[in-house]
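Structure, as structure tokens:
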């Protein structure tokens, strides 16, 4: 194993990790506003990938138009999920809403299968051309897009939650829903906005990763699992945690391929997650774990 | 009121007539059960297979059926699920079918095996899965190539044509990949081609760069890629991004147009082990190709799923003929089929060989300008 190969493992770990991070960001967004883990998050990512593939590959739309339309369309799906299901539950516990998101994820997945069938969809990377070579290791150009956009989105979300009135209202809902309500914050509106935002963010993730991963109707669950693991590893409730957790998870997976038979990759990654959570339940960065768990609505 | 009563009598009479009709039909026709995935994950395989079974039934019936009796298909959807497949097989066997055709997924065939054995209905199963004929169940007949033969064909091609001294393997960790890998290890050793590297990826994995890096570090002469689904087109792209120059031989699961298209330029030049070469029409495919070209235009190229359904019903018809129309003798009827040339290859069954097709029916195809071209037929 020479240095170029080790570097290659690190780069492929970071590429995969950036994908997990991007998916994990969406989890954090809804969690921040509602305390709910949205199990349909992976489906938002899958929908983003599939819609963009169809718009670019089959309808031959210009890429920017396809991407914007996809993000808007999936954002609308997020609004519908809240309008049609989540907001209908009065006094539902966090658990009820989690179960609703699970049901929604099955519905979206089945609809996608009936619509586009089981074959993988794909479109070409944003920037054409051969991959970059750094000291003999290969970097895919699309991976740079994933990492770059992930960093921009994380910075944007950080500003949104700390500086904007809307972001702070959302955060207030998560910290104490009843108190936020008594302070005149429209809790339902905050929940709806968080669903729209995280669906749009999921769609953006789907659009960015499809040139690397393909888009298939059944990949939502795997992506959600890894994104969830990334958020948990970093610590739920902070935008930076998904990035740190995602990159760490990707690197752990790549490292496990170096030292172990490759079939163990996923098990090793999840084992490390469990170990970290046992030692430090609030994640690597420390989330808002001590916070009281409130009623969802 | 009167008219209502009349109407009711009419409907009743009509119902009786239809009942009598089916009864008469059932008496002088051979009922064949078909249980295939028409919905769910495997529907892209099941739908064309059922179409080709129907095409075969039309042709057989138009030519007078089997010994003057028509073939009647009873088609059920297994929804790509083992539990529904089991239900279908139980119901169809209770309806007194002469033979069963299906399922399309290896795991579903293993699930229905016990019922097939209990009901004693010969079954044509469309799987590469090595284990389906190793269930101590004499009623299961493979209407596909076994992966034992497919890996043998891939290795023979690597050894004889590509002059490989050693090989590397990238395979999926599901039954499809790992069973084939187990067979491949033994076969490669017997041929004196050491397996220098073998890496496993999960079915549905979205990145295989790390596994390829480890595999290519062992410098294999030829890489064998065994798996199915979206991961295979990602694997082809990753290999090309890493600058792999070793020839790749893919499994039947790789030889799907969706996977080749998804891999784009990265699929160029790769070889695959399959049962049809889209650009060629073999002797046994002539009738079938004619029907499909009339239906879908002259440019239509037969896929593997168009051929295996057609073959399965012809095999069943042959078995009924061999059994003299006696349901009790269907097993012997199947086991008497010998050197029967059909669309996917030449079938032979005996009491201790239920594999049907062998390496002589395998096609090696290669991707050229984004299309699959036949390179070699039979190894």
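The backbone N, Cα and C atoms fix where each Cβ goes, glycine too.
Quick look at what TrEMBL lists:
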- A:6-29: transmembrane segment (TRANSMEM)
- A:36-57: transmembrane segment (TRANSMEM)
- A:63-85: transmembrane segment (TRANSMEM)
- A:97-117: transmembrane segment (TRANSMEM)
- A:137-161: transmembrane segment (TRANSMEM)
- A:193-213: transmembrane segment (TRANSMEM)
- A:219-236: transmembrane segment (TRANSMEM)
- A:243-262: transmembrane segment (TRANSMEM)
- A:268-287: transmembrane segment (TRANSMEM)
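Of the Cβ pairs linking the transmembrane segment (A:97-117) with the transmembrane segment (A:36-57) and spaced 6 or more residues apart, 3 or more are under 8 Å, so the two regions touch.
Counting same-chain residues at least six beyond the ends of the transmembrane segment (A:219-236), those with a Cβ under 8 angstroms from any Cβ of the stretch are 17, 19-24, 26-28, 31, 37, 39-46, 49, 105, 108-109, 213, 242-246, 248-249, 269-270, 272-273, 276-277, 282-289. Counting Cβ pairs under 8 Å that are 6 or more residues apart, the transmembrane segment (A:63-85) and the transmembrane segment (A:268-287) reach fewer than 3 and are not in contact. Long-range Cβ contacts of the transmembrane segment (A:193-213) within its own chain (Cβ-Cβ under 8 Å, at least 6 residues beyond either end) map to 15, 19, 22-23, 25-27, 29-30, 32-34, 38, 41-53, 67, 70-79, 81-82, 86, 121-126, 140, 142-143, 145-146, 149, 153, 166, 170, 219. Contact between the transmembrane segment (A:36-57) and the transmembrane segment (A:137-161) does not hold: fewer than three of their C-beta pairs are under 8 Å, each pair 6 or more apart in sequence. The highest tally of CB pairs under 8 A with the transmembrane segment (A:243-262), across A:6-29, A:137-161, A:268-287, is held by A:6-29.
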